[in-house]
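S.K.: Got a structure for you, written out below as structure tokens; questions coming shortly.
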Amino acid sequence: MRTFFVTGTDTGVGKTICSRAIIQALQEMDTQIVGFKPIASGQDEPVYADSLDDPKNDYGDEDNRDVLILQNSTKENVSYRDINSYTFLQTVPMITAEKGRIKLEKVDRDLARLAATYDVVAVEGSFGWLSPMNERFTFADWVVKHNMPVIVAVGIKEGCINHALLTVQSVEKMGLPVLGWIANRINPGLSHYAEIIDVLSSKIAAPLLGCIPYIHKPETQDVGKFLTNTEQLRHIQTLLAK
């Protein structure tokens with residue numbers, strides 16, 4: 001088992017920063033690890049016209065923020081396209097006309113290549129656990145197909161308790177293990193932050209790997225240090241090495 005999947009309780013909860021934290025933490029344990037974002041959407045800059053005109057081109061430009069963060073998080077020499085199968089301008093290509101261009105065979109090949117090259121691959125989803133991946137499959141369906149264990153990124157905000165418990169429940173009902181969850185503080189002004197963490201810890205059987213505070217430009221910082229559950233990280237490292 002060389003791969004695991006990072007899902008989130010919603011969009012915008014910090015899946016990529018949590019993935020960065022896991023990559024950095026496992027690298028400190030001498031694990032050769034890379035991130036993989038199968039489908040990225042919503043670029044920072046407009047795509048070029050010639051890219052839009054080419055129906056075979058899955059890239060408007062190689063500037064999706066999430067993919068770039070994953071690329072910069074690993075110590076391995078990987079290109080943008082090594083760790084991303086599709087980048088789209090549209091924010092939700094899975095439910096637009098673009099969905100017909102997403103071929104899971106390509107995603108599977110890209111994942112297999114990474115898994116054959118590196119010790120561990122951290123696969124980051126898009127949107128939430130049950131979000132569509134293409135015309136036929138959800139991300140959950142695809143993860144079940146590959147029998148990947150799951151880590152849940154929880155953006156700590158109003159409503160996150162319900163979102164987190166539903167996500168964990170769905171993952172477990174589909175027969176996959178939850179290796180742990182990460183609390184990512186996305187609202188510095190949220191009241192009862194500590195109480196929310198306590199409730200989640202009491203309701204989620206999987207261990208809390210760590211709490212990432214609200215910090216400026218986390219994509220440029222060592223966020224792996226916030227994953228303080230080293231015992232569970234060692235367990236994950238051992239499990240993935242089998």
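Note that Cβ sites are derived from N, Cα and C of the backbone, with glycine treated the same way.
Annotation source Swiss-Prot lists active site at Lys37. The ATP binding site annotation in Swiss-Prot covers Gly12, Val13, Gly14, Lys15, Thr16, Ile17, Asp66, Asn184, Arg185, Pro213, Tyr214, Ile215, and the record cites sequence analysis as its basis. Annotation comment: Swiss-Prot describes Thr16, Asp66, Glu124 as Mg(2+) binding site, evidence class sequence analysis. Taken from Swiss-Prot, the feature substrate binding site covers Ser41, and the record attributes it to sequence analysis.
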S.K.: Name the secondary structure element type, per DSSP in three states, that contains Gly14 (ATP binding site).
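M.R.: In three-state terms, Gly14 (ATP binding site) counts as coil.
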S.K.: Give the sequence-ordered list of residues that share a chain with Gly12 (ATP binding site), lie 6 or more positions from it, and have CB atoms under 8 Å from its CB.
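M.R.: The answer is Gly155, Ile186.
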S.K.: Can you tell me how many other Cβ atoms are located within 10 Å of the Cβ belonging to Arg185 (ATP binding site)?
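M.R.: Within a 10 Å radius of the Cβ of Arg185 (ATP binding site) lie 20 other Cβ atoms.
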S.K.: What are the non-local neighbours of Glu124 (Mg(2+) binding site), defined as same-chain residues 6+ apart in sequence with CB under 8 A from its CB?
M.R.: Phe5, Val6, Lys15, Thr16, Ser19, Gly35, Phe36, Lys37, Asp66, Leu70
S.K.: Please report the three-state DSSP label of Tyr214 (ATP binding site).
M.R.: coil
S.K.: Look at each of the recorded positions, Lys37, Ser41, Tyr214, and point out the one with the fewest other Cβ atoms around it within 10 Å.
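M.R.: The recorded positions Lys37, Ser41, Tyr214 were compared, and Tyr214 has the fewest Cβ atoms within 10 Å.
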S.K.: Rounded to whole angstrom, what's the largest C-alpha distance between any two of Gly12, Val13, Gly14, Lys15, Thr16, Ile17, Asp66, Asn184, Arg185, Pro213, Tyr214, Ile215, listed as binding ATP?
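M.R.: Of all Cα pairs among the recorded ATP binders, the widest measures 19 Å.
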